Amino acid sequence: MSTEIDFPRGGSTRLQSPLQTVWKKDNKEKRGVKRNSSNTQNPSKSPVDNDNEDYAAAFRQNMSVELLAQNMRGLAFVKFIGDIEVILECVDGIRLVLPADKISRIFNNQISTTKANLNNIFNKGQALAFTVVNEKSGNKPNSNCIVSICPYEINNYLIPSSLLQNTVLNGIVSSIEEKGAIIDLGFSSSSVKGFVQAEHLPPYLQLDKLFIGQVALFSVREGPNKETRVIKLTGFVGLDVLDGSDDFDQKQLMPGTIIQVTPEKNVLNGLFASIKNGQKVYIRKVHLPPRLRLDAPQVLKPFRACVVCVQPNSSVLVLNAHPDIIALSKLEKRLLPENIKVGSSSTGIVYYKDKMQNLYFNLVEDDDASQNLITAKCLRINIENFEDDKYKIGSEHKFRIIGYSPMERLLNVSMKKSDMKQTVFSIENVVPCAVLNGTIKSVRDTGIIVEFGEGFTGFVCAMHVLDKPVDKWQSRFKKGQKLRCRVLFIDSASNRIMLTSKPSLVKKPGNEKFITTFDKNLEGVFSTGVIIKHLEGGSLLIAFFNRITGIMRLTELVGLSEVATKVGCCIKVRVQSVDPKRSQILLEQPIHAIGIGVKKQKKTLTTNTQKITTNTKLAKPFRIYNAEVVGPWPYGGTSSATTAELLLPGGSVGRLHVSELNNLAEYGEGSCPMQQFLERNSGKMINIKVLSVSKRKAFPVKGKRLLEERRKSDRIVECTARCDKLQESRRKLSILNYRSVFKPGNVVAVFIVSKSSNTTNNVFAEINPDFSAIISRENIKINSKLGHQNSEINVDDLFDNGELRFGKVIGVNKTNRGRIVVLELVDASNCDLDEESTKNLSNDVIMSEYDNDSTDESDDNTLNEECDDDDEPMEEEENGIDEGSGSAQEFEQILLTNPNSISHWTSYIQFMARKSTSKKNYILGKEVVERALQTIAFESDNDLSKIWRSYLYLEVLLGNEKSLKECFKRACAATEPLKTHKYLIDLLKKQPNAEGREMEIRGYFESLIKKSNEIEPWFAFAKHLLQQNDSNQILQLLRRAIQCTEKRKHLQLIKGFARLEAQYGDVERSKTMQELIKNYKEVGKQIDIQSLERALGVRIEQN
């Protein structure tokens, strides 16, 4: 009586064997496949077929998704960690899905209260035992098996007393103690628990990294008996083999357990062996150690193998003897080394060729890579023009890595020409807009699944298949068809790549650019997007790459047909404006943007004045336009170093003065704001508001002629780019116009302009287009060392054209030639914002270079000079809180009624800082700050900045250097880092113990320099060093500044240092630098370190 093999079903082996032998012979004769020379040399060692009944019960099939039945236990490695699920990979590259609710019972109970997410409790390459809870559905060919790693489902049939030493099984962290962790092993019929000591945990499972409900793989250190209540465990799995008698049951073989096997018989693709209980097993050649694969007939000694798949009460038992797989507690053994990546090209030597003509390679890499025990396999279908002589054993070939199987430590490679050209074969290397060439895997109603490599697929939704939506688009595609796609975005939650195959998006962009971020530099760019939605009011929502969307308003749809605006259609647009803070992009039609359709301007000549008049559509006052920045102003009236020319829609010529730039306070004293503005925005589009349209009488004759020749117009449009004026709804010139009231004592921002005809000792400047300024030599207060004895120095050489400075108003003269303000230049570091009542206009507060936030309203260009440098810190002046006023209870009561009041929170924090210097008061103050950060619903970055600055104020007064650094690091991450640096530096310099904190101040200066790409921080640091009389450090700083900045800024950099030397340092050194600049200007060379050292007569040592 013969015994039927219960799994897998396939008939008797003895009946199938003769048929298979005949079929193999016929097939070999037809194909002309020759036997390997290595196999014909010694016939006694050639592999034989399985014709012995002793091995009939051994499981020999390759594992597949179809064979994964319920109650199947296996070993898998973590492949991808998502938000709600984890992707595992087991034997033969089979992907499994582990939902979050299948991790453990304890984790499900703790999921609402725990701080852990899936990234905290899993690591890539981590080994876990699993059981199949939901088989692959036959109706869904691309569905994955659902598995569970909960010990209550995997270990439910185990009895604690029957566990053998070194048995491997999953366990749940149920409690974390001082010396270790208590592990729940899922024994439903017993209360026996496990315990693992801290020293028996691998690096990725340290006590401080564990979470309640986490599941990991453990090994039994000592076999328990019936009286054992606590089982000793270890997290170092794979060190020892299973310790048991000869009659242990297959049920005791858990996934991950290491057993000893004895080789018995070598066959073509593997090895038959026996285990300790006498059971026969089959180990495939790919699961043998690399050193044994080529010499399997010589294997005589027993070796170790790991259980990777087992099913109770059946013959299913799959083993893996690869050394990297046996070392289960070492995560790096499952990951690829740094020099090998999926998508990269590599070289290998053929060491084996199977009967299907698949090639196996040993990698040709450095010595370290050879120790990784990684091999490669190339399927016959991935080889073009296959020839036996070309691909013989020992030959070397180049290939592209398209996949990786961690269970076999096997690289899947290809030698196709199309694959050799493509470099992206894994989701880790994918970026939006990348072009991929793939093969259609399946066509569905919802879209197309495209395959690019081993287990690497992407999805093209139905909307992105064709340029225009078609009802029966599926008929145009079929399985196996080649498809060229472009990456739309990567869905990190599901680890899927979303693609587009629309020809308009896949083709080369030409003059267009791909939109992947909310970048201000995209303004004016042309691009192609996809209409995804019609919004209320008629606007279109248009999608680009990387999930970036833009809005085309109804007014921009003029001329577009209804068919062209259907959902799913491609549309070419131009970026009108970008708001990164709001993540908003406004779009327009390219045909409207470039002015097509505007009637040609008619020209008529006047007989008397011969002036050109035009039909240019002039811009209207108080309206906002999107204007193009052309370049410096060439028509006169104001300096080209302080004014920019704009081109408005309709052909109007706009003038934007530097005083009307937005966020003027971002430019430090001594910088050239208009020059920097033009460098960033020339040729781009900006939003402006028109102040007035008029003929400018102050223009020179040459400027008027040039305006008429270039722009065919005799009128200009005065513009502003200030956000407060753009947001002002009232249309009154008295509110929006340039400032016209200047009182003696006011300190205003001025912009130095150089005049070639200047033969006086005066410095000329501009305040705005209506007011110019004049500063006599005697009124340059900032140059404290410039006296009558240095009268030979030319004052103009101390300033750059368009340089920002601050001056105190002495008087105002109104003449026929213009309105002139007489000023005295002052040092802005000792000035604060002046409170001036502007007519019904609420201006945003603009901070000076070293000023902190102020709650007062002021004009952008107005400053007040301080009377004393040793005043109280700025925060005390802002809040006006007297020493000892108020109490903690009063503040708490106020905050109960108004928890979002920024001023009350900052007052409370500063009250705690000044109340006492005790440690208790310091701790209470920190608690108040943390409460404020958690309680306040911040409406702007300015409010958040005020809280963090109060926190820094508390740390400066009561904290230590370490706590201040931690607070500063958090503040930089939450607010604008540059402003935070400047605030803290200024705060430290105003402290009574500033001399003792000099190294701390310099450290923050160094950090400021690293954070900024501008040259103003170098000037600020230099000024500080000169004020400290540190002449050696100032030269070293200059050397570093020249080395770290661009060459085009070197001249401006040395000018600034020379000016600072004249003000605070060595006047003779300043004169030397000025002469060096003049000499190099004449010959047109760049200034370097060597020329500077020769001029100064010293060697500048490098730090």
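Glycine is treated like the rest: Cβ placed from N, Cα and C.
If you look up TrEMBL, you'll see 1-52, 849-886 marked as region 'Disordered'. Per TrEMBL, the feature compositional bias 'Polar residues' maps to 35-49. Positions annotated as domain 'S1 motif' by TrEMBL: 166-236, 433-502, 524-590. Residues or ranges marked as compositional bias 'Acidic residues' by TrEMBL: 850-881.
Residue counts for the domain 'S1 motif' (433-502) under DSSP, helix first, then strand, then coil, are 7 helix, 37 strand, 26 coil. Across the range of the domain 'S1 motif' (166-236), the DSSP-based residue counts are 9 helix, 30 strand, 32 coil. The average pLDDT computed for the domain 'S1 motif' (433-502) is 86. Residue counts for the domain 'S1 motif' (524-590) under DSSP, helix first, then strand, then coil, are 8 helix, 32 strand, 27 coil.
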